[in-house]
Amino acid sequence: MADALVGYEKEAGCVPILHPEEIKPQSHYNHGYNESRKSHVDDYSTWDIVKATQYGIFERCRELVEAGYDVRQPDKENVTLLHWAAINNRVDLVKYYISKGAIVDQLGGDLNSTPLHWATRQGHLSMVVQLMKYGADPSLIDGEGCSCVHLAAQFGHTSIVAYLIAKGQDVDMMDQNGMTPLMWAAYRTHSVDPTRLLLTFNVSVNLGDKYHKNTALHWAVLAGNTTVISLLLEANANVDAQNIKGETPLDLAKQRKNVWMINHLQEARQAKGYDSPSYLKRLKMDKEFRQKVMLGTPFLVIWLVGFIADLDIDSWLIKGVMYAVMWLVVQFLSKSFFDHSMHSALPLGIYLATKFWMYITWFYWFWNDLPFVTIHLPFLLNSLALFYNFGKSWKSDPGIIKASEEQKKKTIVELAETGSLDLSIFCSTCLIRKPIRSKHCAVCNRCIAKFDHHCPWVGNCVGSGNHRYFMGYLFFLLCMICWMMYGCICYWRIHCATSYTKDGFWIYITQIATCSPWMFWMFLNSVFHFMWVAVLIMCQLYQIAVLGITTNERMNARRYKHFKVTATSIESPFNHGCMRNLIDFFELRCCGLLRPVPIDWTSQYTIEYDQTSGSGYQLV
């Protein structure tokens, strides 16, 4: 038993890493004793106190202590009962031993560690909380110079890292060998956490260790930790920092011949202007310029497609060449300036460009052909409503869950000490307790209350703060598209010689396409946008009125315990009937005839809230 624990203790530690290339990150194995490993025996009366402690046999332990066993006495391997109870998460035994005089910070084992070190290595948050309540000091170092926060970071115990920092441990604390928690996380933990959590706590990313002067980015490169490299580059880690040998992270990546690391580090250097790139290269590295290109490209493409088709040139060969040139230009722009944010920027650019050219078409081609009072005036009023709702959907707060630094730490401590610091309800990026119905948006990198979805067409999340505006945007957009299609049909009736009743549909299509290719192109755009907007607004209304759920909840209902999911249906605790759902969502009052139930979803953590009975309206 002791040998297994000693092997575990030596698996990772804070000894000076004299030759980093010879040490590889190691996996964390559970070498503690738990119920699943308990052998089936009927009589514990012959067990010694160490074995009884390991397996959590409380009555046997109490019997031996009452018989005179000294709880401070270490075994032959210098391990105390408190150590064994801590590593095996025996909370009741820890309380009992401390009540009988056990020293909470007694050193023991091969690494001369405290029970808190052992609990931290094993990832027992509840035990860490319990020991610290009894006064255990997490800043004490073990025989290898490691404090608890360093152990938690290198073993990937994110919840323990969060708790220790929230309780006052320095996020940049160096162990005896000058390694910070961030360095250990970068070197040993190949996942986003706890690195992401440490970065959220404003850790210093450019500190160097004591022996090699390696920064966290150096250590991530040495470990081939691509996940952490990406996080550190996003956090503006110094890509030109040199270690004691004068090596930068890029030099280390080249030594390891890792193409991915080399490319990303070179791009980061170029983005900072370190390599004196050409003018075109600087433009490519300019994030703001790339964003403008991605937003502007749809304006160019939509115009060129219609403009080339509308040219008074009989030769389709010439037009084909022009389209080929356009395609090459777009290919150049996409390869040079489009990046991972294109999935958000392009849809927004397509929407803005389509509406821009539709309005140009309306005012230039339709203005003199259609009556003002019955057509233009309603169109203009609808446009004002569309612009307002689009602006609110695009720029307003969708329901961002905010908290101060002190509030975040207080939340972490409260959750940990109540046994609920679970990453399913705690966001390690925003460091907040996630309210019910909220979700962290990977695009916006923030937690949104009553999260519905991230909409690239408005460039923002849709949540409790702007969902009603989003529905207004969809409705008025659909009306605008219908007006646009009506305007195209009126234009063809007035300006084009057509014979639909005589020649049929396909001849009619060729007639209107040749009469005004630009108008036909605008009509096709209108039809395309009509289809997705109509489908989206119907889906949204169905979810809001009939199901009482959001898009995120509908897609991930099986992940949430408060939904009852069958093969054909989803039962939502937030569904209070069609009428009630609509009144609450749109906050309809009708001069006081209706009474919606306001809920602050940024601070609602349970499904129990004040929801009055009835149909959702009340006559007064």
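Note: Cβ is positioned from N, Cα and C throughout, glycine not excepted.
According to Swiss-Prot, the active site, S-palmitoyl cysteine intermediate annotation covers C455. Non-local neighbourhood of C455 (active site, S-palmitoyl cysteine intermediate): S393, C461, V462, F470, each in the same chain, at least six residues away, with C-beta under 8 Å from its C-beta.
Positions annotated as domain 'DHHC' by Swiss-Prot: 425-475. Secondary structure of the domain 'DHHC' (425-475) per DSSP, as helix, strand and coil residue counts: 9 helix, 16 strand, 26 coil.
Long-range contacts of the repeat 'ANK 1' (77-106) within its own chain (CB-CB distance under 8 A, at least 6 residues past either end) are made by residues 2, 5-6, 32-34, 49-50, 53-56, 58, 61-62, 65, 71, 113-116, 118-119, 121-122, 124, 126-127, 130-131, 134-137, 140. Per Swiss-Prot, the feature repeat 'ANK 1' maps to 77-106.
Confidence across the repeat 'ANK 2' (111-140), taken as the mean pLDDT and rounded to a whole number, stands at 97. Residues or ranges marked as repeat 'ANK 2' in Swiss-Prot (evidence: sequence analysis): 111-140.
Using a Cβ-Cβ cut-off under 8 Å and counting only residues 6 or more beyond its ends in the same chain, the repeat 'ANK 4' (177-207) has close neighbours at 12, 14-17, 25-26, 145, 149-150, 152-158, 161-162, 165, 171, 214-217, 219-220, 222-223, 225, 227-228, 231-232, 235-238, 241, 423, 428-431. Sequence annotations record features per position, and here Swiss-Prot assigns repeat 'ANK 4' to 177-207 based on sequence analysis.
Same-chain residues lying 6 or more positions outside the repeat 'ANK 6' (245-274) and placing a CB less than 8 Å from one of its CB atoms are 212, 215, 217-218, 220-222, 224, 226, 229-230, 233, 239, 281-282, 285, 287. If you look up Swiss-Prot, you'll see 245-274 marked as repeat 'ANK 6', on the strength of sequence analysis.
What Swiss-Prot lists as topological domain 'Cytoplasmic' is 1-292 (among others).
DSSP states for the topological domain 'Cytoplasmic' (335-345), grouped as helix (H, G, I), strand (E, B) and coil, give 7 helix, 0 strand, 4 coil. Residues or ranges marked as topological domain 'Cytoplasmic' by Swiss-Prot on the basis of a curator's inference: 335-345 (among others).
Sequence annotations record features per position, and here Swiss-Prot assigns topological domain 'Cytoplasmic' to 391-469 (among others).
Positions annotated as topological domain 'Lumenal' by Swiss-Prot: 491-504. Beyond its flanks by at least six residues, the topological domain 'Lumenal' (491-504) meets 365-366, 369, 511-512, 515-516, 519 of its own chain at Cβ-Cβ distances under 8 Å.
Taken from Swiss-Prot, the feature topological domain 'Cytoplasmic' covers 525-620 (among others).
Taken from Swiss-Prot, the feature transmembrane segment applies to 293-313 (among others), supported by sequence analysis.
Taken from Swiss-Prot, the feature transmembrane segment applies to 314-334 (among others), supported by sequence analysis.
Residues 294-299, 301-303, 306, 338, 379, 383, 456-459, 480, 484, 487, 490-491, 518-519, 522, 525-526, 529 of the same chain lie 6+ residues outside the transmembrane segment (346-366) yet bring a C-beta within less than 8 angstroms of a C-beta in it. What Swiss-Prot lists as transmembrane segment is 346-366 (among others), and the listing cites sequence analysis.
According to Swiss-Prot, the transmembrane segment annotation covers 370-390 (among others). With a threshold of 8 Å between CB atoms, the same-chain residues lying at least 6 positions outside the transmembrane segment (370-390) that come near it are 359, 362, 458, 469-470, 472-473, 476-477, 479-480, 483, 486-487, 490.
Taken from Swiss-Prot, the feature transmembrane segment applies to 470-490 (among others), supported by sequence analysis.
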Intrachain neighbours beyond the topological domain 'Cytoplasmic' (335-345), with Cβ under 8 angstroms and 6 or more residues off its ends:
280, 283-284, 289-291, 293-295, 443, 454, 456, 459
List, by number or range, the same-chain residues at least 6 past the transmembrane segment (470-490) whose CB is under 8 A from its CB atoms?
355, 358, 361-362, 365-366, 369-370, 375, 378-379, 382-383, 385-386, 388-390, 392-393, 452, 455, 458, 462, 519-520, 522-523, 526-527, 529-530, 533-534, 536-537, 540-541, 544, 586
Counting by DSSP secondary structure, give me helix, strand and coil numbers for the topological domain 'Lumenal' (491-504).
9 helix, 0 strand, 5 coil
How many of the residues that make up the repeat 'ANK 2' (111-140) does DSSP mark as helix, as strand and as coil?
17 helix, 1 strand, 12 coil
